[in-house]
Each structure stands twice: as C-alpha cells, then as structure tokens.
Amino acid sequence: MEPQIPLFSDPACQYISLKDGDLVYCPQFFPLPEANHYLHTLLTSIDWQQESMVMYGKPVLFPRLMAWYGDAGSSYSFSGKTYHPSQWTKELLQIKEAIAPLSGVDFNSVLLNRYRNGKDSMGWHADDEPELGRNPVIASVNLGATRRFMLRHVKEGDKFELELQHGSLLIMKGALQHHWQHQLPKTTKVSAERINLTFRVIQ
Ligand SMILES: O=C(O)CCC(=O)C(=O)O
Ligand SMILES: [Fe+2]
C-alpha cells in the first residue's frame, strides 16, 4: 500500500487505521458559529434536486436531495446518470480551502446530500467509480443533525461506525473504497436536517 502522508497531523483529529484503509475524523473541525453559518447558507443557496433512478423499469426517488458542484468539466456518472457540476459558490470554495491542508488534496468537485430527516438515508456503497481513480481521498463535511455512518469490509465482514456530528470532517483514504462499503442508515430518532458534502477529485 502507498504511504499516505498528511501535510500536518492535527491533535484534534482521530487517526483511525482500518484493515485496507484509513480514516481521519475531526469532530469539531469547524467552530460552531462557522458550522451554523455554512448549514444555514447551504440550505438556501444550493440548487437542491430530488433525483431519481430507474429500478425494474420504474423511476424511484432517492431518499434525499442532491446537488453537484465543481470545476467545469468534472462530470460524474452515478447510478446510470451523468451529472454536470454547477459552479462553485463562495461558501463551497471556503470549505474546500479549509479542508485542503489536512486532506493534502486540491479537490475539483463536491457531491452534496441533504437528509431532510431520519427517513432520508444512503444505502451500502463504495465511492469507487472509475473517474475517482485508485485509492481516492474523499473528504466528507457534516452539518446539522448527528447521524450514524457505518462501514463494512466487503470480504472480511469487519464493521466500524462513527456518529458524524455538526461541523465535523471525515477523510476516507488509502485503499478504503476498494475494500469497504459505507452507508447512512435511516433512523426514527432524528427529525432534524443534515447536509453532507463529499469532496472528490474527478480525473
Ligand atoms: O452522508 C454521508 O455521510 C455519506 C455520503 C456518501 O457516502 C456519499 O456521498 O457518497
Ligand atoms: Fe459514499
């Protein structure tokens, strides 16, 4: 495996080394006033869409709202559709700049997911689309309600989970996307909204 050397190591973050992949979790990456500001601004300024996918010949709505922003040309195919990015907003560029030193990556796109309440979710998957390349670094920013993020090793069955809180940053790297899947399950305990941003490099 290639060594992954962060530009600096932050004592406020947890460095979690899993079998075949690594996580860095920074629970309070954004101070509360900044996290609140980003949550409220993104809820109103982002062009949120209710996307659907075709299953057994019928359109099925994704259980969340989505948006895709980034450099022109960083198009992304996902569940059989190609998404063209909207242009970066001021806040998205500020967040991208803030996470760059710890991620060691200059991201060129971000997928935004908005979970309106605990009924919204994302099923098991890996972010292993070909355009993300080998051993992609994915930086995930969390705003709003705390939700459980689960990981499972595809071959070995190992499990790991984190409660992703408001203002936190989770970096997924190494071979993680090639060996593990992750999901954000539904919950009856959460009624508040949550926004997740996954910053990616599209090749
Ligand atoms: O909402 C989350 O924390 C997970 C999002 C995710 O896995 C993705 O966008 O690929
Ligand atoms: Fe994902």
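Any Cβ shown, glycine's included, is placed from N, Cα and C.
Per TrEMBL, the features are:
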BINDING   Tyr76, Ser77, Phe78, Asp128  substrate binding site
BINDING   Asn113, Tyr115, His125, His182, Arg194, Thr198, Arg200  2-oxoglutarate binding site
DOMAIN    106-203  domain 'Fe2OG dioxygenase'
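Feature map: TrEMBL annotations on the structure.
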residue: Tyr76; record: substrate binding site; DSSP (3 states): strand
residue: Asn113; record: 2-oxoglutarate binding site; DSSP (3 states): strand
residue: His125; record: 2-oxoglutarate binding site; DSSP (3 states): strand
residue: His182; record: 2-oxoglutarate binding site; DSSP (3 states): strand
residue: Arg194; record: 2-oxoglutarate binding site; DSSP (3 states): strand
residue: Arg200; record: 2-oxoglutarate binding site; DSSP (3 states): strand
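It is 19 Å from the Cα atom of His182 (2-oxoglutarate binding site) to that of Ser77 (substrate binding site). The Cβ of Asn113 (2-oxoglutarate binding site) has Arg64, Leu65, Met66, Met122, Ile195, Asn196, Leu197, Thr198 as same-chain neighbours under 8 Å, each 6 or more residues away in sequence. Put simply, His125 is the one of the binding-site residues Tyr115, His125, Arg194, Arg200 whose Cα lies nearest to the Cα of Phe78 (substrate binding site). Taking the binding-site residues Ser77, Thr198 in turn and counting surrounding C-beta atoms within 10 angstroms, the largest count is reached at Thr198. Spanning the listed substrate site, residues Tyr76, Ser77, Phe78, Asp128 have a farthest Cα to Cα distance of 12 Å. Same-chain neighbours of the substrate site beyond Tyr76, Ser77, Phe78, Asp128, judged by a C-beta within 8 angstroms of the site's C-beta center, are, in sequence order, Ser79, Glu129, Pro130, Glu131, Leu132.
In this structure, the CA atom of Asp128 (substrate binding site) is 11 Å away from the CA atom of Arg200 (2-oxoglutarate binding site). Of all Cβ atoms in the shown protein chains, 23 besides its own fall within 10 Å of the Cβ of His182 (2-oxoglutarate binding site). Predicted-model confidence for the domain 'Fe2OG dioxygenase' (106-203) is 97, expressed as mean pLDDT. Among the binding-site residues Ser77, Phe78, Asn113, Tyr115, Thr198, residues whose Cβ is positioned under 6 Å from ligand 1 are identified as Asn113, Thr198.
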